[in-house]
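**Student:** Below is a structure I'd like to ask you about.
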């Protein structure tokens, strides 16, 4: 991917993103993206970190997620509106920008609705690689909406999970998930309750959408030795797990100041001890210590993961042509003459309007 004129910014549309993902292959894309996510967790201390800037309403939330490693800057605009599906709209939509810190000029503008689904699943699988039981093959997925297939494929690509136990309040959502994963190499069981779904599961993924303090999992459903991948709780007042599960588990988070506001641990005292995922990945602390330990990844999504996704797409776009050249920036030849640029364009328009018709 080249950027010959600084005023021209490569733009990846939804169509181009889908073509890129399919050209690479979904599982390969997830595996390679997970590598970028893990690489950036390993250099965690290089990043400028802040909780996302959120605007909450009774309908949902709109957020900005910025971060920088000192060389590149990235941000994502993302919403979360659980009731949107009732109107035929997506629960989550997003776009993102990658920029050069030295000049402040953007280098990439891309859709991130599809990319966020991929990066969320890739991050969950990275965490599970360090926290799940060894040789885990069976995963329960509670909530079979837009994120469920991505989670399944990421865990297959990165951990070798090949048995799925699915449950959703809406049987049509489960049927959709099964239909979409046909031929992907899974042994799938559609379950009639959460209790049935978690039976025999090594990994339990909760990925529901309702903006409420729900109790998707209760303490009696969680046996020793499992890994819980809690994805659905991602804003104040939205949780999925009973508090007793948290107190039995070793909890791992992305960025504590954000997770204490938005994650499952919002149910616990502010000083409740948690572990940071980057410290596990870098070997500073242990992840899974024994076979009976319950590990919990309290996932809310953090800006460094979007940064990783933006870096990956930038690198993957090279020589593909899967982007448009967007005339985004007013960049006059004389930087101090922005108004003159406007006047010159006016003259150009006038000359074009007076040209005789061919």
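Heads up, the Cβ atoms here are built off N, Cα and C, so glycines get one too.
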**Student:** The L-ornithine site in Swiss-Prot lists 52, 76, 119, 234. Which one of 300, 313 belongs there according to the record?
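**Tutor:** Swiss-Prot lists 52, 76, 119, 234 binding L-ornithine, and from 300, 313 it also lists 300.
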**Student:** Check Swiss-Prot for me: it has 119, 146, 147, 168, 208, 231, 232, 233, 234, 238, 299 binding NAD(+), so pick out which one of 71, 91, 93, 320 it puts in that same site.
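**Tutor:** Candidate in the recorded NAD(+) site: 91.
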**Student:** List every residue in the same chain as residue 91 (NAD(+) binding site), at least 6 positions away in sequence, whose Cβ is under 8 Å from its Cβ.
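**Tutor:** For residue 91 (NAD(+) binding site), the qualifying residues are 80, 81, 82, 84, 85, 145, 146, 209.
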**Student:** Could you measure the widest C-alpha to C-alpha distance across 52, 76, 119, 234, 300, the residues recorded as binding L-ornithine, and give it to a whole number of angstrom?
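**Tutor:** Those residues reach a largest Cα separation of 17 Å.
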**Student:** Within 10 angstroms of the C-beta of residue 233 (NAD(+) binding site), what count of other C-beta atoms is obtained when all protein chains are considered?
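**Tutor:** Around the Cβ of residue 233 (NAD(+) binding site), 27 other Cβ atoms lie within 10 Å.
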**Student:** My understanding is the cutoff is Cβ-Cβ under 8 Å with a sequence separation of 6 or more in the same chain; which residues meet that for residue 231 (NAD(+) binding site)?
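**Tutor:** 120, 124, 147, 151, 205, 206, 207, 299 - these are the non-local Cβ neighbours of residue 231 (NAD(+) binding site), listed in sequence order.
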